[in-house]
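Undergrad: Questions regarding the structure given below will be posed in turn.
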Amino acid sequence: MEPSAREPLVRKPSSSYRTFPEGISKRLDKEYLRSLHNKRLYLAVFAAVLGNFSFGFALVYTSPVIPALEAHPNPALRLDRHKASWFGSVFTLGAAAGGLSAMLLNDRLGRKLSIMFSAVPSAVGYALLAGAQGIEMLLLGRVLTGYAGGVTSASIPVYISEISHPGVRGMLGACPQIMAVLGSLILYALGLLLDWRWLAVAGEVPVLAMILLLCFMPNSPRFLLSRGKEDEALQSLCWLRGKDTDYAREYEQIKDSVRKQSRRVSCAEIKDPFIYKPILIAVVMRFLQQLSGVTCVLMYLQPIFKKTAVILKPEYDAALVGLVRLFSVAIAAVSMDKAGRKILLFVSAGVMLASNLTMGLYIHFVPSSQNGTITNRTLASSASPPAESINYITLIPLLATMFFIMGYAMGWGPITWLLMSEILPLKARGVASGLCVVVSWLTAFTLTQFFLRVVVGTVPGGVSELFLRAPQAGSRLLSAPLLRKPLALRCRSCSSLSSALGTSYLRAAASQKPKAGPWNRSRPSSGQGEGRS
């Protein structure tokens, strides 16, 4: 965009940056949203988020499996501490690779076909886990399921945001996180009943269901228009909104938005705040999301509870945490568009901060004889602890973990995914979403790879103190002026979000006064005094 074209936006509001005009058009838009039929839209979203269900299932697969494999009679499958850390963390390497490939897949194949493509490595990975005869097959299975998770993490939020309308976008935007949480909960529940091989077989079910349902779902109208397939895009929008609705007006708005943002991002355009600021926001949010340590907690939930000697069995503790997580995500889905993203993120960071502080203080001050501090041995020991009187203070780790997961699931879990799909510019969305996933999972790999070694080799309280810093950094980030506009925008179409963000960045740039210095001080002319210069 030329500087001359930007100037009117700085000096006064421009109607060209408004997707929904004021007055009568605004009222007509509300009537249009009320007239829509959402059943087919919900079906398309459900078909897509089955990929997130499978992702959540695979992510926490290690929680019940690591204790079982550490006591396995076959030496080829038995895990020690070093192998257990790789078995847990290698999933994130696959997810990072999936995020990288999603940069290409989202733009070449489209969002729907990218999600369908992820079913292939996912199915093969679960098959390897189910029939594993050695540690190599276990690690390869984890890599493939992680790769599929990385592709779906980058593709599904974008697909949902592009097929949904502003009336339900906030609620549907939380569905990927809800389904991932539900998948984890089902894994914890099945872990009480099934052997680790049958758990992998059960993971094939949502993958097959997803691929079958997506065969009958439409592509994103926005992606089809970006490929010049106008008739298919119109048919897709008609299928999603209903034949008896006035979808033609929304189609024209999407078409106009795609036309304005149809070019690919060049190196010179990266300097444009309309491009780099949304990408920077999304990347930093995903980095802080993982720095909170949530992936480590979810992957090693049962071993953590086993070593902190909670009253209940670790399997039941993990299932309880899964229930709390699902309940919290449901609350976030309902309140996201009402309370606002920023308020939920502040509350989420505060709850995680208090929970990590509580866990750190518990491990630091309670004697090791009461809290079962981890010693330098394998995570699962076949020896039964001696009978002791019930000490209810050991409920503190369970409650602290519950509140930590609750805080995460209420804000930093679903909102960071939704924000990624909302604020990224269309012409950079495919690449930027993949970049977010790569940063997220490389951070998760670093943490999960060294989590067990740090816990076993040093003071366990140091881990909680490390994760204590992430909510603090998140709270400071939310107070930054850069995030005020993106987090305040809700209940808008994707095109209007991009337009509003672009306008706000331009106005902010114009409002910045030049710094005082010898190069920009105005010199008094012969007819002017120094005070009038």
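Think of each number as a place in line: the chain as shown, counted from 1.
Placement of Cβ uses the backbone N, Cα and C atoms for every residue, glycine included.
Straight out of TrEMBL:
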DOMAIN    44-488  domain 'Major facilitator superfamily (MFS) profile'
REGION    510-533  region 'Disordered'
TRANSMEM  41-66  transmembrane segment
TRANSMEM  86-106  transmembrane segment
TRANSMEM  113-133  transmembrane segment
TRANSMEM  139-160  transmembrane segment
TRANSMEM  172-190  transmembrane segment
TRANSMEM  196-217  transmembrane segment
TRANSMEM  279-301  transmembrane segment
TRANSMEM  316-336  transmembrane segment
TRANSMEM  343-365  transmembrane segment
TRANSMEM  392-419  transmembrane segment
TRANSMEM  431-452  transmembrane segment
Undergrad: Cβ pairs under 8 Å only, please: of the recorded stretches 86-106, 139-160, 172-190, 279-301, 316-336, which one is richest in them relative to the transmembrane segment (431-452)?
TA: 86-106
Undergrad: Restricting to CB pairs under 8 Å, which listed stretch, 279-301, 316-336, 392-419, is in contact most with the transmembrane segment (86-106)?
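TA: If we count Cβ pairs closer than 8 Å to the transmembrane segment (86-106), 279-301 scores highest.
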Undergrad: Taking the transmembrane segment (279-301) as the reference, which of 139-160, 196-217, 316-336 gives the largest number of Cβ pairs under 8 angstroms?
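TA: So the stretch in question is 316-336.
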Undergrad: Counting only CB pairs under 8 A, let me know which of 41-66, 113-133, 139-160, 196-217, 316-336 has the most with the transmembrane segment (343-365).
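TA: When the Cβ pairs under 8 Å are tallied, 316-336 comes out ahead.
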Undergrad: Let me spell it out: take the transmembrane segment (139-160), skip the flanking residues so only those 6+ beyond its ends count, and list any with a Cβ under 8 Å from a Cβ in it.
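TA: Sequence-distant neighbours of the transmembrane segment (139-160): 45, 48-49, 51-52, 54-55, 58-59, 61-62, 86-87, 90-103, 105-106, 111-112, 114-115, 117-122, 124-129, 132, 172-173, 175-176, 200, 203, 220, 417-418, 420-421, 429-430, 433-434, 436-438, 440-441.
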Undergrad: Where does the mean pLDDT land for the domain 'Major facilitator superfamily (MFS) profile' (44-488)?
TA: 79
